[in-house]
């Protein structure tokens, strides 16, 4: 198989295990490309991609832009701040105006869950979801699973703990779908206030003791506390969160095994993870960033091929 | 469908030997020359050339694998995206003499893509091209091989099928297949 089953990447939920495997195999080749002296290939030279970001983003936007440029696509960037969105223009009107400029693909981040799904029903261009509200962030989950596969080999039977602010995270849900499709076991860990009640229905274990999660897992994917999404107090203070749910070096030293530490960034150093853990030899945080470009190149390449 | 045998194991072995001696005439001890096999089947031909050359000149020869998938000009014009293969160029090609090796030369487009792909690894001093089978009079672009194993005249309905033991076949056989005849 050399083609994705869908012309859009809206979420991991819609992908088959074969799709994920195809994306990984293609990304393996792109990882080789981005480590060459000349890191660019001409594959998408006849494609124009619009990065439409209705929410702030640094690394995801940079990573997509780099991936697009490494594939030789023409790139335009749109951010909602200072745009006609502030004047009351609808999402569909904004995107249709961009498409009228002969754009082939849209990479979109939006604060509303389902926004890219809505667009996919109304426009012809390929859509890549770069994060929709607290719903999904498929390319982050793919790069996370790709990084784990690189470190541990086959993910089948591996134990992955996702620790932190689950309820506000779009990464967590995509991670759960991706890892389960690759045959891994998933555990969720965090304060009860930050773990959604439906999560057990996805077939994951839930614990509130971080050390228990660390003892169980092969990989700890530690998520950021998303203070900007918290409109009520979910825990008394950052200091208390750090004391009860932060991962530090003493905890790792107490384990009778080595585990892999991951974090999708940006890191709140000293809150969910201490600096000595984030920068330790167990951490593959920077590998995740590097792999992000290869995974996004693979996704864009495969979707562009599907849109003839 | 009609099949005509172009080369069997014995003929292939003789052809590989002749190509190697032609290479040695031009590259002597291969001090400044490297081989690049084109994925997927060119690498098998390149491996055989390397083995024979090493047997004759009694020194190791550098061989890399080059995949052209991301450099092809027919991406998005095919039914499905192309699946890439491994690229392995574990040496510097800057200022080297490079011999690109492929199994079949047809339209010439793969060779053009290979030249583009090779550019990602540096600027060679000189590039030559070795094709095991040259389908004459079928070029879309002006590309010719420097070294040719066997030249055959073909028409559009014909195809060259390369079967090698490296692909799990019992013996080497290179066929000319004509799909227009029953």
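The count begins at 1 with the first shown residue.
Each Cβ is built from the backbone N, Cα and C atoms, and glycine gets one as well.
Automatic, uncurated: that is what TrEMBL annotation is.
Feature list (source: TrEMBL):
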DOMAIN    A:7-150  domain 'Aspartate/ornithine carbamoyltransferase carbamoyl-P binding'
BINDING   A:59, A:60, A:109, A:137, A:140, A:265, A:266  carbamoyl phosphate binding site
BINDING   A:87, A:170, A:224  L-aspartate binding site
DOMAIN    A:157-303  domain 'Aspartate/ornithine carbamoyltransferase Asp/Orn-binding'
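Note: the carbamoyl phosphate site is recorded as A:59, A:60, A:109, A:137, A:140, A:265, A:266; in the same chain, A:57, A:58, A:63, A:130, A:131, A:171, A:264 also have Cβ atoms within 8 Å of that site's Cβ centroid. Within 10 Å of residue A:137 (carbamoyl phosphate binding site), counting C-alpha to C-alpha distances, fall the following of the binding-site residues A:87, A:170, A:224: A:170. For the binding-site residues A:59, A:60, A:109, A:140, A:265, a Cα to Cα distance of within 10 angstroms from residue A:224 (L-aspartate binding site) holds for A:265. Look at the Cβ of each of the binding-site residues A:265, A:266 and count the other Cβ atoms within 10 Å; the largest number goes with A:265. Considering only the binding-site residues A:59, A:60, A:265, A:266, no residue lies within 10 A of residue A:170 (L-aspartate binding site) on a C-alpha to C-alpha basis. The sparsest Cβ neighbourhood within 10 Å, among the listed binding-site residues (A:60, A:140), is found at A:60. With DSSP classes pooled into helix, strand and coil, the tally for the domain 'Aspartate/ornithine carbamoyltransferase Asp/Orn-binding' (A:157-303) is 68 helix, 24 strand, 55 coil. When secondary structure is read from DSSP and collapsed to three states, residue A:137 (carbamoyl phosphate binding site) falls in the coil class. Summary: among the binding-site residues (A:59, A:109, A:170, A:224), the fewest other C-beta atoms within 10 A of the C-beta are counted at A:59. Listed binding-site residues: A:87, A:137; maximum Cβ neighbour count within 10 Å falls on A:137. Over the domain 'Aspartate/ornithine carbamoyltransferase Asp/Orn-binding' (A:157-303), the average per-residue pLDDT in this prediction is 91. You'll find the Cα of residue A:59 (carbamoyl phosphate binding site) roughly 27 Å from the Cα of residue A:87 (L-aspartate binding site).
On a Cα basis, residue A:109 (carbamoyl phosphate binding site) lies 19 Å away from residue A:87 (L-aspartate binding site).
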